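Residues or ranges marked as domain 'Response regulatory' in Swiss-Prot: 2-119. For Asp53, the entry in Swiss-Prot reads 4-aspartylphosphate. According to Swiss-Prot, the domain 'HTH luxR-type' annotation covers 149-214. If you look up Swiss-Prot, you'll see 173-192 marked as DNA-binding region.
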Amino acid sequence: MKIVIADDHAVVRTGFSMILNYQEDMEVVATAADGVEAYQKVLEHRPDVLILDLSMPPGESGLIATSKISESFPETKILILTMFDDEEYLFHMLKSGAKGYILKNSPDEQLILAVRTVYQGETYVDMKLTTSLVNEFVNQSQTDEVSSSSDPFKILSKRELEILPLIAKGYGNKDIAEKLFVSVKTVEAHKTHIMTKLNLKSKPELVEYALKKKLLEF
C-alpha cells in the first residue's frame, strides 16, 4: 500500500511516516507540506492513500485540496487529519471526497486501522467526531431544503467577486485588505454582504460554494 502524508508540521510527517513504514503492508512514498505540494505528490506517485491535514496554510486549504485531488485521482483514498476545532468542516470534507477522519492525537493503532479502512474503500470516522458529523448533516439538509432555486452569484459586485476566493483560501481580513489596497473594515463589510447575498452560514459553506463555481485553482 503506497501512502502520501501531507501536513505543514515536519514532526507530524516524520512521526506518522515512522509508524506506517513499520507496517509490512505500508510504505510512505512521499510527504508534502501544503495542499499544492500534496496534489503534485499524488500526481507523481499515485498513492493508494493520502493522509491530509485539514488545517493548511492560507491559499492551500485542506478542503480545496481534497476536492481537487478526489476529482483528479478518485483511486486515491483520502484520510483527513483533524482537531476538535475543525468539526464544522467534517460534513463538507466528506462531500468533497474524503473517505475518513482521524484526530491527530489518536493512538498509533487507530491511525493504522483508519488507513487500512479507507484503503479498503470503507469510510472511517473517529467516534469522538460522529455526533458533530450527524448534526452537520441535519443542518445541511435543512439548508438545502430552503435554499432558493435561483443563483444569487450574479448579484455579487466586482469587489465581492475578488474577495470571495480569497476568503475561501483562508486569507484573513488584514491580508485581503493589503492585497486589494482597501481598509480592513471594507473587507469585513464585503464579507458580510457576500455571506448574506449567497445565504451562507459558515466558512465551510463558502469554500464549498467557491469550489462549485470553480473560483479556486492551485
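Any Cβ shown, glycine's included, is placed from N, Cα and C.
Neighbour list (the residue listed as '4-aspartylphosphate', Cβ cut-off 8 Å, at least 6 residues apart, same chain): Ala6, Asp7, Asp8, His9, Val12, Gly62, Ile80, Leu81. Across the DNA-binding region (173-192), DSSP assigns 17 helix, 0 strand, 3 coil. DSSP assignment over the domain 'Response regulatory' (2-119) gives 58 helix, 26 strand, 34 coil.
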